[in-house]
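**Student:** Pulled these features from TrEMBL for this protein:
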type: BINDING; residues: GLY376, GLN377, THR378, GLY379, SER380, GLY381, LYS382, SER383; note: ATP binding site
type: COILED; residues: 137-182; note: coiled coil
type: COILED; residues: 211-245; note: coiled coil
type: DOMAIN; residues: 280-651; note: domain 'Kinesin motor'
type: REGION; residues: 1-83; note: region 'Disordered'
Amino acid sequence: MPSLKRKADDDDDDDQQQQQPRKFAAMGTTRPIRPLRQTQASKPPPTTTIPKLGSSMPKPLTKPRAPNMTRTRMRGVSAPPQQSIVAARARTTSGSLSRNPSSTLDADMAAEKRKLANVQANHALISKQLLSQGTNNNNHRRELIGYADELEQMRRKHQKEIDDLEEELVKREVETNEVVEDLKTCKEDLDRERETVGSLNETITQHAMDRERLDTQIQSLNDQNTDLQKRNEDLQDTIEDLKTQLLTRNDVLADLHKELFESEIARRKLHNMVLELKGNIRVFCRVRPILPSDASSSSSSPEDIAAEITYPEDSKSIQLHSSTTTATGNIRHETHSFTFDRVFNTTASQHHVFEEIELLAQSCLDGHNVCIFAYGQTGSGKSYTMEGGLGEESKGMIPRAVEQVFRVKDAMKSRGWEYTVEGQFLEIYNETINDLLSSSTSAEPTKKHEIKHDLKTNTTRVTDLTIIPLTSPSQTKTLLTLANKRRSVASTLVNEHSSRSHSVFTLRISGLNVGFSEGGVEGTGERCEGCLNLVDLAGSERLNVSFGNGGRGVGKERVKETQNINKSLSALGDVIAAMGSAAGTTAGNNTNGQQQQQQHVPYRNSKLTYLLQNSLSGNSKTLMVLNLSPLAVHLNESLCSLRFATKVNNTQIGGGGVGKKGRG
């Protein structure tokens, strides 16, 4: 269907053709011309009143009908004279011509000139009317185009409002479903409690009936003095039987508690086996969505700035597609495929990411060391993944992990365990440890913090570091706010507030088996200590990416920051690679049955790896969350991050396993 603008252009062409002056047939001078038939074109054009803008809604868009300017195809010819005129002219020709031939000819010429003047006047009037009609038509056309643009804008606005309402409706439906599920759970709990109360009422009723029966028996014994002694003996026998049953039940209860402790030990072993089967080192990949601030100009659309990234349906693979120009000028298309333990696309929420790692909180309470890294270039969403936003849905891994630890801590009370939780928050800036929870001001001298390892307990402490006892998850928000005020940030080409240090949030969890006070069952006295490290690594990009021009013109402090960041990240990769090689080396024995010499792991190459030494080695659990930018301009840095994460993903530690993961 042609557009309104095309219609308007076609109408302009028609008007230009119609406004051309008509050419009349040549008129003779010897006799009158037969009058032409009046055509539709000779009629005066209808006057059109232009409606005022805004006075009322315009009528449906229709093409105005132009006046019919079709010119007659008949050529003007002289009409034959009437018979009476011919006869009269014949009678008077000889006499009139003989009397005054020049006056008759002048009269005819004057009449013809008046006719010609009338025709020319009519022609001028018609041309003026046609020009006015064309101007009116053009004005109408412009108004119609304006109305069409206004309607299109209103349609887009209404469509956007509809989309917003639909999105809000979906969100409300999700919230409604969650409330319904909560109500369903509460109803099930209420029904279960009602059943318990009913059972207790039946027991009380039964006990009341037994008491009435015993009262009747006692009254009967008082009435029958003869049978009193015998009845007493029977009661003594009954009491002895009850005592025997009570002792038997106590023994059964003790056996049940023993089985509970044994089952708890078995549960820990099975839980640890499940995590080891998944891999003591696991790697997740997460691609953040495109943000409004990513657009370089208001005209840039998300499709223009986004990299071509696809996600196969197995939720464990990601593909990056790139196009490069060869030396011959040909375009070469490349597809880079990577596989990880889990891949989250741009629509994945914080809740979906944490669902995959919440089992690690149970491992901490079981006495294992856990380390969760957020790795990626600046602006890829690492800090958002770890700390999150202000809303409940946008909470990061740190507050969610603390909440999960306290949930498991409360649940373990029913198994005879009591736990204490402590938190600390530090940053490693230029290979120097800074306390992010310190109450000292910037004017006070900075304390020097040193890392101390206890080989007997397999624990790590940092000297003069602020340690906060945690009694509820709500304290975490205060700690994060305080730490963010003290953390070292700077502006780069990639991110206006780029973290220039590695931040490490550590939860220290100590557990003691105290038994059950209600049943008088003593605990085993078993102790366990676990450590949960949540690490937000600094950006992994190169110096020329952070500041441009290869770092020229940048302050020495910024260059030193970037060099130390890349050095520590490189050291982390070397440590993980060395652990994988060491695991493969110690898995086998030599021909003499002696264990081969373990390969050296360079933990001391950076403060970060030395701090996390006990959380990376042994039976510890390590998870790396690789964060990627969706922008095409960051494609090369994304590929570098993916290759580094792939090396980490192919490494396994602890459990006596080999150095490479098996892929099912």
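Even glycines carry a Cβ here, placed using N, Cα and C.
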**Student:** Rank the binding-site residues GLY376, GLY379, GLY381 by how many other Cβ atoms lie within 10 Å of each Cβ and give me the one with the fewest.
**Tutor:** GLY381
**Student:** Which value does the mean pLDDT take for the coiled coil (211-245) in this predicted structure?
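**Tutor:** The average pLDDT of the model in the coiled coil (211-245) works out to 83.
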**Student:** Any idea which of the binding-site residues GLN377, SER383 has the thinnest Cβ neighbourhood at 10 Å?
**Tutor:** SER383
**Student:** Given the binding-site residues THR378, SER380, and counting only Cβ atoms in the protein chains shown, which has the most within 10 Å of its Cβ?
**Tutor:** SER380
**Student:** Validating a neighbour-count step here. Other CB atoms within 10 A of the CB of LYS382 (ATP binding site): how many?
**Tutor:** 28
